[in-house]
Amino acid sequence: MPDYRSKTSTHGRNMAGARGLWRATGMKDEDFGKPIIAVVNSFTQFVPGHVHLKDLGQLVAAEIQAAGGVAKEFNTIAVDDGIAMGHDGMLYSLPSRDLIADSVEYMVNAHCADAMVCISNCDKITPGMLMAAMRLNIPVVFVSGGPMEAGKVKFRGDEKAIDLVDAMVVAADDSYTDEEVAEFERSACPTCGSCSGMFTANSMNCLTEALGLSLPGNGSIVATHANRKKLFLKAGQLIVELAKRYYEQNDASILPRSIATKAAFKNAMTLDIAMGGSTNTVLHLLAAANEAEVDFTMDDIDELSRRVPVLSKVAPAKQDVHMEDVHRAGGIMAILGELDRANLLDVSVPTVHEKTLKDALDKWDIIRTEDPDVYEFYRSSPGGVPTQVAFSQNRYYSTLDGDREKGVIRNAEHAFSKDGGLAVLYGNIALDGCIVKTAGVDESILKFTGSARVFESQDAAVEAILGNEIKAGDVVVIRYEGPRGGPGMQEMLYPTSYLKSKGLGKDCALVTDGRFSGGSSGLSIGHVSPEAAEGGAIGLVEDGDTIEIDIPNRTIHLNIDDATLAHRRTVQEAKGWHPKEERKRKVSKALKVYAMHTTSAAKGAVRVL
């Protein structure tokens with residue numbers, strides 16, 4: 001028989017007990033010798049992006065069985081960043097990524113699974129499973145639950161598309177009535193699926209397409225559309241094929257580390273920059289590359305950000321455009337197609353579904369293909385009916401958006417900007433770098449000089465913003481919120497949203513060693529490394545200091561002389577690197593363990609053991 005990993009627990013006289021247990025799960029004589037495929041699901045009723053996944057694992061499992069494999073499903077945890085936002089629950093979000101990676105490793109290795117299908121969707125689940133896939137290096141296919149449909153609200157005479165961030169912004173804006181806020185709240189998230197903009201969840205699901213580990217459409221077709229079911233069915237069929245190619249034909253080219261090479265990681269980052277993806281993707285790609293033992297660093301991201309244009313602007317960068325609009329324009333394969341025509345990709349890299357990325361683009365890029373089935377697939381539209389049920393509608397747009405001059409996806413000649421959607425800044429406040437989502441920054445503040453307002457926690461900053469203590473020209477500095485200092489590196493969606501609601505979105509900057517939600521926009525600079533808790537210079541900033549931000553030249557500078565900075569460091573080191581004011585924050589043993597082993601954001605906040 002083929003030398004499957006699962007043979008360890010299914011063959012030989014000494015494995016009679018293990019086989020007895022396998023039989024108790026439903027396996028028959030004829031199943032021993034087939035590849036055992038782990039169906040790694042993440043269903044939970046806590047998260048709209050995962051609430052519809054309960055039956056989808058068994059949908060995939062049935063296809064695996066029909067294709068000649070043995071499917072065994074298990075579940076991971078899944079944290080909803082939006083629900084965890086703005087309170088101590090957010091401390092658990094980033095650490096959950098590593099816990100998910102570990103739990104997948106534990107289950108797959110403990111039971112000697114041969115391959116896996118990863119059913120993910122939201123912010124830390126796709127990255128956690130991606131890290132596990134790189135770590136385990138067995139055949140894998142990713143398939144996500146898909147984006148939710150954008151909300152629609154009739155507001156003051158006009159109908160507009162909205163999402164979660166709109167509800168947060170209007171809630172803090174006193175010009176909206178309670179009734180109007182309630183209407184936004186009820187309309188913002190109408191269906192199951194990951195939040196409808198180019199936030200972290202959708203960004204990561206798009207990047208799995210560029211990495212070559214998922215099927216076309218994975219990042220863009222809405223969760224409610226019947227055509228999304230095809231991805232799940234195909235994933236079940238494909239994983240058995242990949243398992244047999246590896247174990248029976250000794251074809252290692254289909255393993256995750258053979259597919260997700262440095263060239264593939266650079267392709268993924270190129271896509272991320274071009275589509276203005278979430279800054280969190282930087283953390284997650286660095287972490288996945290670390291697991292894959294690929295030398296992919298902030299320097300690579302910096303180099304790419306200087307030459308890759310912005311080809312698509314989606315909410316929050318362009319509030320009236322959502323993932324359903326990206327799909328109508330050809331989805332991720334269309335953006336990759338434009339990047340290829342601009343000679344910005346390595347299309348020789350393999351994928352799980354085609355021999356090379358070039359082959360995939362020839363088949364799936366709506367500009368170069370003539371396949372009517374592909375056209376129909378990308379015409380899949382929202383249903384417009386609130387639901388928590390997957391594949392529940394089959395509506396289509398009458399036409400595709402193939403306009404590459406003024407459409408949702410542009411070609412390089414007509415790019416939204418020649419400068420990339422993400423940028424790495426360096427300076428005396430961030431020696432190891434920091435990240436800004438330039439696609440969400442107004443051109444008028446690409447260069448900004450302001451006076452520091454320093455806060456030792458996100459909570460204190462929010463209180464000041466809502467209390468009208470922040471004025472135009474301020475640079476809000478939130479520190480001791482990094483991976484170690486938080487611990488857990490909280491997202492700062494509430495501070496950025498509240499600055500918008502106060503009319504300061506284009507008049508202030510926010511700098512933090514924490515991170516930002518994919519829903520954040522504005523001059524929001526995160527991942528400042530080293531973080532304050534590790535002795536970073538952000539811990540030395542004082543109220544009234546001048547901070548100069550120059551995105552075009554990729555710099556951020558604390559405008560004090562070296563001698564003053566050195567004196568402050570000496571004083572701070574004597575006191576210890578901790579917040580100046582005591583925080584009302586309970587740090588559990590689990591979070592303390594995370595803080596003990598995590599590294600800086602510049603390294604993906606991975607653990608060092």
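Every residue, even glycine, has its Cβ placed from backbone N, Cα and C.
Summarising the annotation, Swiss-Prot assigns Mg(2+) binding site to Asp81, Asp123, Lys124, Glu491. Remark: Asp81 (Mg(2+) binding site) has Met90, Ser93, Cys122, Asp123, Lys124, Thr200, Glu491, Ser517 as non-local neighbours, by Cβ distance under 8 Å and separation of at least 6 in sequence.
Cys122 ([2Fe-2S] cluster binding site) has a Cβ environment of 28 other Cβ atoms inside 10 Å. DSSP classifies Cys122 ([2Fe-2S] cluster binding site) as coil under the three-state reduction. Summarising the annotation, Swiss-Prot assigns [2Fe-2S] cluster binding site to Cys122, Cys195 and lists sequence analysis as the type of evidence.
Around Lys124 (Mg(2+) binding site), a 10 Å sphere centred on its CB holds 30 further CB atoms from the protein chains shown. Per Swiss-Prot, the feature N6-carboxylysine maps to Lys124.
If you draw a 10 Å sphere around the CB of Ser517 (active site, proton acceptor), it holds 31 other CB atoms from the protein chains shown. Taken residue by residue with DSSP, Ser517 (active site, proton acceptor) is part of neither helix nor strand, so it is coil. Under the heading active site, proton acceptor, Swiss-Prot lists Ser517, citing sequence analysis as support.
Close to the recorded Mg(2+) site, the chain also has Val79, Ala84, Met90, Ser93, Leu94, Cys122, Thr200, Ala201, Asn280, Ser517: residues not among Asp81, Asp123, Lys124, Glu491 whose Cβ is within 8 Å of the site's Cβ mean position.
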